[in-house]
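Data block below; observations after.
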Amino acid sequence: MTENASGILPGTVRVRVAPSPTGDPHVGTAYMALFNLAFARNVGGRFLLRIEDTDRARFREDSEQQLYDMLHWLGLQWDEGPDIGGPCEPYRQSERLETYRPFVEQLIEQGNAYRCWCTPERLTQMREAQQKAKRPTGYDRLCYGKTAEQRATLPGFSEIPVVRMLVPKDAPIRFTDLIRGEVNAPMPDDQVILKADGFPTYHLAVVVDDHLMGITHVVRGEEWISSTPKHLLLYRWLGLDEPVFAHMPLLRNTDKSKISKRKNPAARLTWFAEQGYLPQALINFLALLGYPPIITTDDEGVVTEREMMTFEEFAERFDWSKVSSAGPIFDLKKLDWLNGTYIRELDRETFIDAIIPFCVRDEVFAEAPQGADREKLAAIAELIQTRLVLLSEAPGYVRPFFTAAADLQIADDARAQLKDGAAEVLTATIAALEPVDEWTTENIESAIRAAVIDGLELKPKVAFTPIRSAVSGVRISPPLFESMEILGRDETLTRLALLRDTL
Ligand code: GLU
């Protein structure tokens, strides 16, 4: 076996993504999953999904399923996880409570952790007093070294204790990061590791599970840098081997602020699916947020940069030294460009299948069209595939073709464009189209041009606007003559007459 780009023998790497099911899955989770998976595939390693559901106050029941759905949609498949099992089961932290207990006991016995009975009210008062006195905030160790009986004599006592780390003053605050090199993180506080509800906190659970699940590389978001010194202390106290750490830069809005679900709809993974982004476009976009485009040099030394890349191409080239440490700007314009390009690349049948759910959602039709209707949709698809940036734009184009003439609404902006003389244009068009023998785009176009451009001496824009409005009801539609061919003669003539009669 030979070493690969990352200098690691295949088969040795185990990485994970460890989301907390606290609501709609965050785009950052997909970003982390993508980079972890690309690395794992590059080195022939394993990619795990672990559900970190120890924060019961923020837990949301349906969130785990949404997470599976979105990661599946993106094609980011894990090798081990709560739904598919694996050698380190269970992969859901709430099912591992007994696993954490001995580690907590060991830390208490070794004197690295202690029980704390302070009520939340007392902790708030303490923090406020520290802030007022402009002293550093942090637990004041009131409970340290006391038995429950001794502590009970003091104010702010709660029956059920938590367990805290006893962080020494000389705790390690530097560590080496695969992306950032030497990192200086803040000195940790006496962090709680076991809560009063019997659940471990993230800090204890992540260390225990990463160890027990054989995680070799902890690849996670930059926001966890300040937690890493706590984790290093736990590894050290428990005598466990430390994994390699890699903290990916946070995704940022164009104003450089952190992407949050509260402020930015695009922080929610479901938003991308709803908008009609293709998963391969989103994967490509997320990869480019932390990784350079593919650069190739041909035989003549000409260098080309290619931004379009599949997951497989990304994974094949994955190399930590190329991962950016600068906060990438989440520029949806780039994603729109990628999406339009990927949409154009779809084969026709795939494109049709991709727009059907959007048309059903927007009630263009109730279910996937069959037979002649499918053929009609295929003809429309040919006209619109190159025009879409988002799949969700398809219903707007498709609707006029699946609406009965009598029900066709003329949009306000289309009606506003109708000038004096529109009725005359429509009358001339009807007269010109009636004798057309073979109903083809070419014949329709030449008949109309002869009648309204040559006959009425109108400019194309003036001439075609009322025709477009009558046929599609909208101002911007697929190509006009092609649309008329798809609609057929009777339907086209009916529509032209219907609008003319309202003028
Ligand atoms: N549960 C943490 C999260 O929600 C995981 C952090 C980590 O990867 O260590 O992001």
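Positions of Cβ are set from backbone N, Cα and C atoms, glycine also.
What TrEMBL says about this protein:
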- Lys261: ATP binding site (BINDING)
- 13-337: domain 'Glutamyl/glutaminyl-tRNA synthetase class Ib catalytic' (DOMAIN)
- 354-497: domain 'Aminoacyl-tRNA synthetase class I anticodon-binding' (DOMAIN)
- 19-29: motif ''HIGH' region' (MOTIF)
- 258-262: motif ''KMSKS' region' (MOTIF)
Long-range neighbours of the motif ''KMSKS' region' (258-262), counting only residues six or more past its ends (CB under 8 A):
23-24, 26-28, 223, 250-252, 268, 330
As a quick check of your reading of DSSP, tell me how many residues in the motif ''HIGH' region' (19-29) are helical, how many are strand and how many are coil.
3 helix, 1 strand, 7 coil
Mean pLDDT over the domain 'Aminoacyl-tRNA synthetase class I anticodon-binding' (354-497): what is the value?
95
For the domain 'Aminoacyl-tRNA synthetase class I anticodon-binding' (354-497), give the DSSP counts of helix residues, strand residues and coil residues.
99 helix, 0 strand, 45 coil
